[in-house]
């Protein structure tokens, strides 16, 4: 059978309300099974087989006591008091020691010395005893000794010590989740609950690849096993980092290749890999990525493994020039062909029958008549003879031209408008911001977005200035001078003019340039420091409503709105609330006016982009809420200075104005029978449970969708999903953008784990946690994160991994970097709970992450640390990043660190003078100014290479990154070091090694 047509066989059990004026589907959806719920007891798994623990290190000379952390734990082990030594293994994520394994005795006694010389550190461990059948493994006969999977290059010291490793975790505020239901309204983020034993008749098979990361629970050696003695860090040799190694391996294996999407459920290359997509029936991973590409067949299996089933959809993702652009299908007045029952759009999963006169919907199994104009004969394989001529039959992504039925009030849509709204209060005039914005707009408006091939943009522009009152400007092309109209009654906002407010820039260029010249001088002597905010957004909405179009507001604002007007805010920043039950209130937006404002904006298709220039607290949690719910963005420049921050701001503004975008959008995700979309995360608004509304959606915005079962899925037909996005183009056309994806289904958990994508998983976890923190204490949120991760990994160990010693930390090969991501997430500003961090900064990061795609969260949580001191100036390739840890830095080195938001150039104190000279044109490190915001343009290979690297990084990222020069052991190094995510957090949080040990302990508690 063709890979393009999959037919769902289970009976239709799912309501799919109509879209674009069509009636709703039949019936109501069954109640969803609740897995990952609060209040349930933790899953109970049988203990792994006991036996000799192995440890990949040997007794070595003592070290300074400062590197050893000792905790006293007295266990009732006969007369033995067990002293646990917690040796913090610096920042090595995984360790390689050239000593052979050591065997621990079963009881008290000395550790036995190795007898044979090592052959390789990639040792295969053979188990002589059969594991208990309760673990899901087949019993082994006397001659069928089971071999463990070979130790991957991720092998490290073995985890030994007692099973009950009590005591506080090495992370502040992390422990077992406390019982009881969550506070009301905590949707979307739930505590793992009891799991099922799995479906009968489907024994879990020993498939997949394990990453055996063995170590000694930071290293826990007790008197129970014989005290080995202290350890010398110099004799523990780190191997290449897990995260960077995984990226390198995927790039080496799949980089530069063509990725064809003709197979169901195939796992795409990593987001960091350079590849080319050839669409052959499934959407490109640039548009859709999943947490796993093999869904479990039943809700019980999903509940058992705790792996979230989610898809991250980036509908307007940028497509490289060497890939096929989006095709537009136009069926004229008939409009797109859809299933009569579930309203799914024509796609490769529809199966044509009866000689081409009917087709069976792949989503609901309904048989539909083919319209006469669309009829085509079938070939001998049952495929339409025009299969490759129709994008909707052969491609995973395409567009339909929409008819008037898809337009508001059945009227054709109008081109959108951009309104620039400038705060002209004292702070912005004094800083020079107003003049900077006005000067930039004179040239920037030439680059307004346009359709491919169009000579000029059809976007109209308008201008407003404000402080306590609002000033509207008439810039009609017939005028010699712009005209100002003032609205001082901000309680009842209206637009004082219609004709001449929104104009075509090309036609009114002279009048607009005249206005932009006058604005800075007009308000040069102002002393007004109070501002309004909500009435400004309301004015923009009213202007777009009067013009009967959608659009975007670009608001340049400096302070908390304290003037008497709707939306007035007060300072509620209270450091005393940090690490208390009420800390969540700091991130909850003040609703009332702003909640209604968000609804008004979405209804009109009015997106808000907010550029903030605060010198103190401005309540970003509230001010940024409207932007977040309308598909907009929030940019923040604290203590703005034109000389220092001007170029950074202008780069952001240019990218924001010029990016590809769609307006007045509504998105629905349809699925085949057996599962459905239940939760949505992103810069979105939802009036009901199915329609995702976005005033605008641009090329950088992503929506994360979670799925749950409502029936059993079939391994034969798989799981199908279709994302349909109805939107208005930049030229005012109404279109439907369709993305289709087919996944495998399996009754074997090993298939699910083998098909996981960690980058997508952490995107889901980040968005879930950042939503949950609005309703739950941070401590609870972090506990739930670790608890669910432990259940995921424990389920893998119990059901899928080869039998091994309990002391070994076994990770699925596809998830071996998950712990480093999760630890990094727990150390992000929003989740840290430190009084040293600005509340606005934490709120800003939380809002920004909400709309991020997979590649953005991946980079944010594991920054790239690029060594520059040994770069090949003759090569076009960016040097390979190294592990994000302090121990990778060298006194004589130079490193570039970027995470998509920040860009640091770190200079070691012994950096060679000739390198400093070639990059900065100064004789030594002491002469380098840390106030530099761009690199000098020098005519030498080192300078040209470094500038090309920086330029390429800036070009790849959604927002601009301000370059910061950092010298080793300088005060400015503190900001840089907080991005070294494998090290202990500056504001709290464990190092990667400590966190791995903590996670291992949690897994062992689940298993026992």
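Backbone N, Cα and C define each Cβ position, glycine as well.
TrEMBL labels come from automatic prediction, so no person has curated them.
The compositional bias 'Polar residues' annotation in TrEMBL covers 112-132. Marked as compositional bias 'Gly residues' by TrEMBL: 186-198. TrEMBL lists 336-374 with the feature domain 'Zinc finger Sec23/Sec24-type'. Under the heading domain 'Sec23/Sec24 trunk', TrEMBL lists 414-657. The domain 'Sec23/Sec24 beta-sandwich' annotation in TrEMBL covers 662-746. What TrEMBL lists as domain 'Sec23/Sec24 helical' is 758-857. Residues or ranges marked as domain 'Gelsolin-like' in TrEMBL: 877-949. According to TrEMBL, the region 'Disordered' annotation covers 106-212.
Contact count against the domain 'Gelsolin-like' (877-949) (Cβ pairs under 8 Å) is highest for 414-657, out of 336-374, 414-657, 662-746, 758-857. Counted with DSSP, the domain 'Gelsolin-like' (877-949) comes out as 23 helix, 12 strand, 38 coil.
With helix defined as DSSP H, G or I and strand as E or B, the domain 'Sec23/Sec24 helical' (758-857) counts 69 helix, 5 strand, 26 coil. Per-residue pLDDT, averaged across the domain 'Zinc finger Sec23/Sec24-type' (336-374), gives 96. Break the domain 'Sec23/Sec24 beta-sandwich' (662-746) down by DSSP state and the numbers are 0 helix, 55 strand, 30 coil.
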